[in-house]
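Database features (TrEMBL):
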type	residues	note
COMPBIAS	1-15	compositional bias 'Basic and acidic residues'
COMPBIAS	39-51	compositional bias 'Basic and acidic residues'
DOMAIN	1-38	domain 'Small EDRK-rich factor-like N-terminal'
DOMAIN	246-326	domain 'OCIA'
REGION	1-67	region 'Disordered'
TRANSMEM	86-107	transmembrane segment
TRANSMEM	119-140	transmembrane segment
TRANSMEM	152-174	transmembrane segment
TRANSMEM	194-212	transmembrane segment
TRANSMEM	263-281	transmembrane segment
Amino acid sequence: MTRGNQRDLAREKNLKNQKNKGHSISETEANKGLSLQERQARDAAKMREKQQLAAQKKAGGNNNEPGGGAGAAAMSLVFLRRHKQFIFGVSSAAGLLTLGDFCAQYFYEKQKSIDRTRLFAACATGTSLGLEGHVWYTFLDRIIAQPTWHNVFKKVLLDQTIAAPIYTITYILGTSVLEGRTSFRELRSDANDNFLPLYLADCVVFIPVQIINFRYISPYYRIPFMFSISFLFNFFLKKAMNEPVQLTREETRVLDDCQRESFIYRSVPFGVCSYFLTLLAMSKNYITPKAKWVKLGAAVFAGCILGKISYTPTCRQKILNEIPNSDLAKLIRGVKDHEDTKQSHPDKQAHDHLVFAPDAQHIPVAVNQYGDPIYKSS
């Protein structure tokens, strides 16, 4: 082989190697006759051009250029499709909570002018609840996927023991802050006064709703179903949160004592008993030890709530004994008398039990069971 043939073979081999590295033959030929600095300047210009194209593509292009606005619209459409469940959930929560408050003001309270501060508070609180709900239900569907009855009851238990208290506290504190009650004392008072009634109402309403939701409703339609039920419940929430309640200092003191005593003498013992009973059930394989601490925490929380509820008759009797002449005691006494009357006169629940007696003028007089006279005209 001559020296010229060897040079040709070496040149072809070099061109093949350059092509395998991503360089075309024309680019390799173009490098001929260029100095190192010229090649570096040309490569730097190409790199800047690529970076500019990448930046335009990332930003959706310039609206003045062909296809720029279309790129931005396409990226927005992709974002909406990818996060449509999140956007729909948050907007549904905010919209329905706001609509519920509007209906409470306009139809129930019959206000001539709508309180926009309350509407804004309802919208902001609904947005935060929608964010919490999206994160929670996505997590719940990820760890418990199959809609069997066993998994449904596990989801309901986790939802009512973990998520429902967070929702209730978020609603109470968010509404209080946005309506101007920002001091720690006011927030604490709102939480103490409203948490237990609202949480118990949540349990009564949403335990059966969640059973249906987790068992029969597909995940795509779960949010519309939940918030269609939440619309009426949100109406009740706004009415309960804005109902004016005037308590005297003595009534507040007795209720605070009831709160403290119910926690010490009922919630703590019930929670401890629930903890050890759950451990015993796990040791006997009545309850699977999987997710042990979650189940123990749920059992303790349920025990504390049951303890609070069990103290209600004691608290009612405490109010009647310590402040018998207060409006709160009169209200409790009236409800109790009404219940006793229904038990003693089951066949006369629809009307007062009338006892007729003549007066000094021999005119019939009707006396109801409370002793109030009802005079009959002659």
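Counting starts with 1 at the first residue shown.
Glycine is no exception: its Cβ is also placed from the backbone N, Cα and C atoms.
Predicted, not measured: the structure shown is a model, and the values here were computed from it.
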Take the transmembrane segment (194-212) and find every residue of the same chain, 6 or more past its ends, with a Cβ under 8 Å from one of its Cβ atoms.
-> 152-153, 155-156, 159-160, 164-165, 167-169, 171-172, 226, 229, 233, 236-237, 240-241, 305, 308-309
Counts by DSSP class (helix H/G/I, strand E/B, coil) across the compositional bias 'Basic and acidic residues' (39-51) | 13 helix, 0 strand, 0 coil
